Structures are given as C-alpha cells and as structure tokens.
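Student: My structure is below; once you've seen it, I'll send some questions.
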Amino acid sequence: MEPAAMHGSTGFTAPIVPVAPIAPVAPVIAPSLTRDSYNAQTLGRSLNARVKQSRVLMVGAGGIGCELLKNLVLTGFGEVHVVDLDTIDLSNLNRQFLFRQEHIRKSKALVAKEVAEKFNPAVKIVAYHANIKDSEFSIEWFSGFTIVFNALDNLEARRHVNKMCLAADVPLIESGTTGFNGQVQVIKKGVTACYDCTPKETPKTFPVCTIRSTPSQPIHCIVWGKSYLLNEIFGTSEDQSAFDHSADAENAKEIEELKRESEALRKIRQSVGSPDFHQMLFDKVFNTDIVRLRSMEDMWKTRKPPEPLDYKALLEKALDAMAAKDAVLKNDQKVWSLEENLVVLKDSLDRLSKRALATKNAANGSSQDAIITFDKDDDDTLDFVAASANIRSTIFGIDRKSKFDIKQMAGNIIPAIATTNAIVAGLCVLEAFKVLRGEYDKTKEVFLTPFAPARLLASDKCRQPNPDCPVCGVFQARAYVDLSRATLNDLVEDYLKLQLGYGEKEISVSNEVGILYDPDETDNLGKKLSELGIKPDSFLTITDEDDENPYVNVVVAIQEAKEPLEDKPIKGASTEVKIPTKPKKTPAPEANGGHGSRQQSEAIAEVVPAKRPHPEGPDDVAAAKKAKTAASSVGQDDDIVVLDDSAGGGAIIIDDD
C-alpha cells in the first residue's frame, strides 16, 4: 500500500466529504390588497359599500372639478356623471391637472373622463359636453342621482342646479373658491339652507352715460363692447343689467341721443353678412357717434375729447397686420396695435355673421333674429369684445389691453390657486360621506380662510332653511301635463283649485317672465301652456293673495305626462297634498353686535353677478304683467363685470372656470 498523501505538517489526512446543495428559500409574499380593500379598511365596509353603489353627478370640470373627479374616482364612487360646456384653454393648464397641451380646445368633460378612467377602471364615468340648463337634464334625470356636486363658476348655473336638486329632492354639495379662499356647503331640501337662502353680494354697475359717452378706464370700454355693442348687433338689444340708470333724469338729452344710436345700430344689424357690413358698423360707432360726442363742447372742458377714426385710412395702414392675421389671432398675451385690432374686429365679424345667418336659416325663415351671447370661452365673441373695446380705448386715449387681460375682466375670472381647489375638493368628499350615512346633523359649512386670524378651516353647523327664501322656503309640487292640450285654465281650475286645494282663494300664477294669471289678469286663461312658453321642467310660482292665513308660496314643476291623460290634461304627482300656511311674523330681537365665524367667512365669499332689477316704472310693470307668448320668454344670462374702484387698475373679483 502506498503511503497516504500528507497535508501540512501534522500528517493528518482529511477525508473529502461531498456537500449537498442548499435548497433556495421561497420569499414570503404578503397578500396583495386591491384599491377597494384599502378603501374598505379606511372607510369601513358599510360606508365603502354605499360609496360603490352611489351614482353621483358632478357639474363643472374646471379647477375644482378636476380635483373632485380625481377624488371621486380614487375613492371608488360607482358611477360618476360629468357635465361641462366649456373647452380647455391654455390658461387652464397651470391648475387643472387632468389637461395637457394636446387637449387645448377639446371638451373639458370628455377629456376629464378619458384621463380619470385610468385612475380606477372599476368606476363608470359618463361625460356630457353640454349646458346643465339644457332640457335633457330634467328633474327626472336629477332624481336618478345619490348626490350632486356643484363645481361651477357661474351664478345662474349654480342657482339652476340648486333649484333642480330641491325639486328632485337630491342632496347637493355646493363649493366655490376665490383666490386663496374657499367654501363647501351641504344643501338638503327641508333640512339645511339652500344656495339662495343668503342674498349674494351685488356687484358694481356703471352709469350708462359713462359707458356710452365718457369712458375713462379700460373696464368701461370692455363693458361697452360686451354689454352694449355685441348685444345690439348679435344679441338681445340693450342689455340694461350692466348699466346704472339712476342719473338718467339729469342727462335726459344725452339719453335720447343714445336711444337714437341704438335704433341706428338695429338697422345696421339687418345688413349682417353683406359686403358693406364691416364699414357700416365701424363708421357708425367709431366715427359718426364720436363726431357727435365731440360736438358737445361742455362735456370736454376738463378732459381730452375723443378722436374719430376713418375706416378706409385705417384699413390701408393695416395691410401688414392683415397678412399676419393668423399670428395676431393666436397671440392673446400681446397688446394689439390699433391696426391689429381692426384685423381682429373684421375677422370676428365674419365669424359671428356666419353663425348668425346659419342659425337664422336653420330656423326655417323665422323672422326672429339669431341670438349670440358673450361667453369668455367663445373666441368669436371674445375677439369681438376685445377688438372693439381696444379701438374705443384708443379713440378716448385709454390704454389698450391684451385679449388675455380682457378675458379676465369681461369673464369675471380671478386666477385660481391649485392648492385651494384641492382642499375644497377634499372637503366635498368628506361631507359626502356624512350625506351617504344620512348624518345631516353632522354636516358642516366649511370655510377656507388662510389669512383669517383664527384658523385655516372654519366650520359652522349647517344653517336651517330660511323661511323667506324664494327658492326653498316654498312648498314644492309636481304636475304631469299633456302640453299638447293643457291650457292655463286647466291648470288654475282643475289642478290648483281642486287638486292642490286652493278652492275659492285668490291666487296669482307667475313664471320667470312675469304674471300669467291673477284675478285681474285673465287674458291668458284660454291659451295653451305651450303658447305661454311653458315646457317640461318649467317652474310656476303660485301666490296666495288672501290676507287671512295665506298658504306659503307653491312652486309647481311642470313635467311631461309619461302616459296618456284621458280625463284631464293635468294630473298631480301626489293625491294627498297639504300646503302649510305662512308663519306669523314675530319681531326680530335686537342684535348684540356679536359676529361669529360665519359672518367673517361670508365677508370673503365670492362676488357674483346680480339678478336683473325688478321693473319699477309703470311701463315696465305692464310689460312684466303680461307674458303672452313663448317668444316673450326669451331671456339672456349675462354676467356683470365687477370693478373695484379702490384698486385703481380695475381689479376684478372672479371665480375659477
């Protein structure tokens, strides 16, 4: 045997032992949780189930709307409907995070749906590029939602949604922001105050002679272009809502001249679309009218007189600007020259003329003029207002403004803060959880006031409904009507007197136009409701004229009958109706001078357009008294530009869009 191999100096021979491979250890994988599982852990299974079963409506997809839609989708609300008429503008991109450069000029609602669906595919999103006041969004449609969220920047639209939610008995969560300030309010019929329970602050208006004869600030020329010239040529003639007539008696002669000017413009309106239309309008408002003003020497003793313009001479100077028209139109940040403003004016007149003629032709030869109203997101009307205001500013020696600045001033836009929108949107969802639980006693009105001395968020218990509120302090009723045959007499005799129980009480019936019926106004009784402009989802106000124990006002929502009405053309939604009487007035206690957080918070609430003034003169009363035809009910929602005189530069208080 050969000697064994030696290892080292010890002489020890180590046996070679094979080592078995170590089996890999499987990693411990934590059970994966879905988004719904996290939501269930956070909210509790009961509330989470209600959230998933909810069908909610969000009106407005702008600053608050983008944040709110994101919250609703991530929280797992089962079905979300989004309504917005607006399109995406470059100025929206700094705070409306759902939108990108490639989305400019596309529908906010449709793009918001497309983007938000990726956050949570389990949520169904339905988008409408439409106006919430359109007839398709009826009371019945509102009734199908669990909660409605308002994320609007328009007073009239807010009031409309408030009214529709009350009629449909659907809870509404109202929200708004103004710069760094914001607020959230829960509205539930009969439980909390509604949007109209508190009067909204009235904005400043302008003396008509200042606007039409002696402008001294850019805002005066913008109001002239928006509320006067645009309406005279393409809208409803003479929008009085932006003008203060309190000094008319002192300027009677000038007022008569201004009325003659309006009449001349109405004649020019008939030439819309003709080859001479541009020059006819320009010569009238920028030459003839200015020459007349200059002739009033007393008016210019202490100020520089305006300088009239010659259309043909200015047109010759504008040849270079005409060649660069597309570039001029795209640059809304630049303050356009006088020649560039003429180019924009001519182009906007062409676009508006085509729209007006197309609308009129589509009306099958109707004698009614096409109505085009101002919208800050409508480039046609905005270009017209910007160019006409700047040309007028030049004539009166006033600084011109960029289209971007004019959009802010004419559209009541205050640059919004993205963080404010996000906080308010979060508060909306937190209040929605209380609504889903039915805990209205725990809901709050929350005010975001970062510069208040006390706290960032101030909250109060929701206010009780105001018994004198014209919107929610009334008795709500619904009537199903066959509009093809129902007359006003059917409404008064068969529905109001018999079904609602007015009997022999003296009552009046009115709508937004005026009085349709009272004991002294019976001319309309034989007319069909459709002839009086009453259509599905119209609201009629019934006023008890009795002095002793009168009923509260009743608001009747007119609904199209779902099935044929054989006996009578009007049928109530309920067979048992008990209208409460008006409470007796008690003397109000004297105020002790105390002010809580609500007063402080409401002091910073948004400044919003006011309602049109009620008729005061005998002629106006007579006109309001008789609402004869559907044509007379054509109205116009027109915002009023708000001016802060103390700011010197015409600061405007505006909402986000």
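Cβ coordinates come from backbone N, Cα and C, glycine included.
Here's the feature list from TrEMBL:
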| type | residues | note |
| --- | --- | --- |
| DOMAIN | 41-471 | domain 'THIF-type NAD/FAD binding fold' |
| BINDING | 60-65, Asp84, 92-95, Lys108, 153-158 | ATP binding site |
| BINDING | Cys194, Cys197, Cys469, Cys472 | Zn(2+) binding site |
| ACT_SITE | Cys209 | active site, glycyl thioester intermediate |
| DOMAIN | 346-407 | domain 'Ubiquitin-activating enzyme SCCH' |
| DOMAIN | 480-563 | domain 'Ubiquitin/SUMO-activating enzyme ubiquitin-like' |
| REGION | 579-635 | region 'Disordered' |
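Are these features on the surface or tucked inside, and what touches them?
Tutor: Non-local neighbourhood of Asp84 (ATP binding site): Val59, Gly60, Ala61, Gly62, Gly65, Ser107, Lys108, Ala109, Ala112, Tyr128, His129, each in the same chain, at least six residues away, with C-beta under 8 Å from its C-beta.
Around Cys472 (Zn(2+) binding site), the same-chain residues at least 6 positions away in sequence with a Cβ under 8 Å from its Cβ are Leu166, Lys189, Gly190, Ala193, Cys194, Asp196, Cys197, Pro465, Asn466.
Around the Cβ of Cys209 (active site, glycyl thioester intermediate), 19 further Cβ atoms fall within 10 Å across all displayed protein chains.
On the 0 to 100 pLDDT scale, the domain 'Ubiquitin-activating enzyme SCCH' (346-407) averages 87 in the predicted structure.
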Student: When a 10 Å sphere is centred on the Cβ of Glu156 (ATP binding site), how many other Cβ atoms does it contain?
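Tutor: Glu156 (ATP binding site): 16 neighbouring Cβ atoms within 10 Å.
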Student: Among Asn94, Asp153, Cys209, these being the recorded positions, pick the one whose CA is nearest to that of Cys469 (Zn(2+) binding site).
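Tutor: Closest recorded candidate to Cys469 (Zn(2+) binding site) by Cα: Asp153.
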Student: How many whole Å apart are the CA atoms of Asn94 (ATP binding site) and Cys209 (active site, glycyl thioester intermediate)?
Tutor: 39
Student: I'd like to know which of the binding-site residues Gly60, Gly63 has the most other Cβ atoms within 10 Å of its Cβ.
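Tutor: Max Cβ neighbours within 10 Å, all protein chains included: Gly60.
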Student: Mind checking how the domain 'Ubiquitin/SUMO-activating enzyme ubiquitin-like' (480-563) divides into helix, strand and coil residues in DSSP?
Tutor: 16 helix, 27 strand, 41 coil
Student: Just the number: how many Å between the Cα atoms of Cys209 (active site, glycyl thioester intermediate) and Asp153 (ATP binding site)?
Tutor: 30
Student: Which has the fewest other Cβ atoms within 10 Å: Cys194, Cys197, Cys469, the binding-site residues listed?
Tutor: Cys469
Student: Mind telling me which of the binding-site residues Asn94, Asp153 has the densest Cβ neighbourhood, counting other Cβ atoms within 10 Å?
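Tutor: Its Cβ has the most other Cβ atoms within 10 Å: Asp153.
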